[in-house]
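One structure is given here, and the rest of the page talks about it.
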Amino acid sequence: MRIILTGGITGGHIYPALAIADQFKEIDANAEFLYLGSDEGMEKYIVPKHGYELKYIDSRWFDRSSPLKLAKTLLKNEKGKRETIRAMKRFKPDFVMSTGSFVSVPVALAAKSLGIPIYIHEQNAYPGMANKLLSKYARRVFLGFEAARRYFPSAKVVYTGNPVRNEFGEQSRSDARRELEIPENDFVVLTFGGSLGAETINDIGLEIVSNYGNDEDTTIIFGTGKDYYEHVNRRLAAGNREVPANVRVMPYISDMAKMLAASNVIICRSGALSTAEVTMAGRAAIFVPSPNVTGDHQYYNAKAVADNGGAVLITEDSDVEIRVLNALKALKTDPSLLEDMEKGSYRSAPVDAAKIICEEIIKDLRARRS
């Protein structure tokens, strides 16, 4: 098989594509892949690291704020479509697997013009514009959440859950802590706001450091995001203070599977990728959904896990930091509550999503050729 992958900008689009690719490699060791992405996104860091060839194409989000900006958008995406057509004629893919974002639009349109099958995965409960637009050309639309079904042609929809790479949930807490040099019996709090960071999550992280920094029985792993790393360090160093020895501050968490395995409680946004990875690891979470997303989909992502007993859902408002600290204190001081939440988290995990997607695609391709 020869497969083109597309979807980018954030890890929430990139990692599901890589999980699907990894599963296809298990099915067909000779499968070949080409990832088409944007040079403006995280794919330039993530995709090559995972061993996949990456090619940049021109693309731009549909900016309709003025006729001039819309014209620039259309011209850039048309250029990206032409670039993709040339790449496809050289690579000769059997199909395109798209996981969303604006970079997927010229890729899918190029595939349509060449008669190459297109498959889409939508990660969120409320779908993005790109996937809604491209679903009319797709042979199948795979869903991370059942709630998204009503936004797509019913005959094309297959609910699978969100695909997560195999390493999530495989490593034990004790093994992860040994490799990360974290004391075996510490209470470990992991806070992160995604690859770029989130101001509210970082404010919460700073409050956690103020309350639990220097606690002998606690380790705090603080993923600031690339955009906030220097800002957070300046705030931590205010007043000539040193960062407490039990606090690890990093701009980006590259080995999320290991960090999740080592943790007791995770505090983060509730994007589709984060909720899938946290639940696959079976870890208790305090989700603070972003209020600045389409259709409030992060709220519904978090609610699905919270309703299963696997997380605390805290909306972002003026007292969000206090409420997160109260929830964290309850989990830290009540081992049975923490254990029950870990069980609820694991119950919420997607089961074999990548495998189901691959099997459905193979079945559809065979039917198409017969």
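Start at 1 and count along the chain as shown; that gives each residue its number.
Here the Cβ of each residue, glycine as well, is placed from N, Cα and C on the backbone.
Database features (TrEMBL):
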- 3-142: domain 'Glycosyltransferase family 28 N-terminal' (DOMAIN)
- THR10, GLY11, GLY12, ASN124, ARG165, SER195, ILE253, GLN298: UDP-N-acetyl-alpha-D-glucosamine binding site (BINDING)
- 188-352: domain 'Glycosyl transferase family 28 C-terminal' (DOMAIN)
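Feature map: annotations from TrEMBL on the structure.
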residue : record                                        : DSSP class
THR10   : UDP-N-acetyl-alpha-D-glucosamine binding site : coil
ASN124  : UDP-N-acetyl-alpha-D-glucosamine binding site : coil
ARG165  : UDP-N-acetyl-alpha-D-glucosamine binding site : coil
SER195  : UDP-N-acetyl-alpha-D-glucosamine binding site : coil
ILE253  : UDP-N-acetyl-alpha-D-glucosamine binding site : coil
GLN298  : UDP-N-acetyl-alpha-D-glucosamine binding site : helix
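Here GLN298 (UDP-N-acetyl-alpha-D-glucosamine binding site) comes close to ASN124, ARG269, SER270, GLY271, PHE287, PRO289, SER290: these same-chain residues lie at least six apart in sequence, with C-beta atoms under 8 angstroms from its C-beta. The 10 Å shell around the Cβ of THR10 (UDP-N-acetyl-alpha-D-glucosamine binding site) contains 19 further Cβ atoms across the protein chains shown. There are 23 other Cβ atoms within 10 Å of the Cβ belonging to GLY11 (UDP-N-acetyl-alpha-D-glucosamine binding site). Counting Cβ atoms from all protein chains shown, SER195 (UDP-N-acetyl-alpha-D-glucosamine binding site) has 23 others lying within 10 Å of its own Cβ. When other Cβ atoms within 10 Å of the Cβ of ARG165 (UDP-N-acetyl-alpha-D-glucosamine binding site) are tallied across all protein chains shown, the result is 22. Across the domain 'Glycosyltransferase family 28 N-terminal' (3-142), DSSP assigns 69 helix, 25 strand, 46 coil. For ILE253 (UDP-N-acetyl-alpha-D-glucosamine binding site), applying a Cβ distance below 8 Å and a minimum sequence separation of six or more within one chain yields LEU190, PHE192, ILE221, GLY223, MET259.
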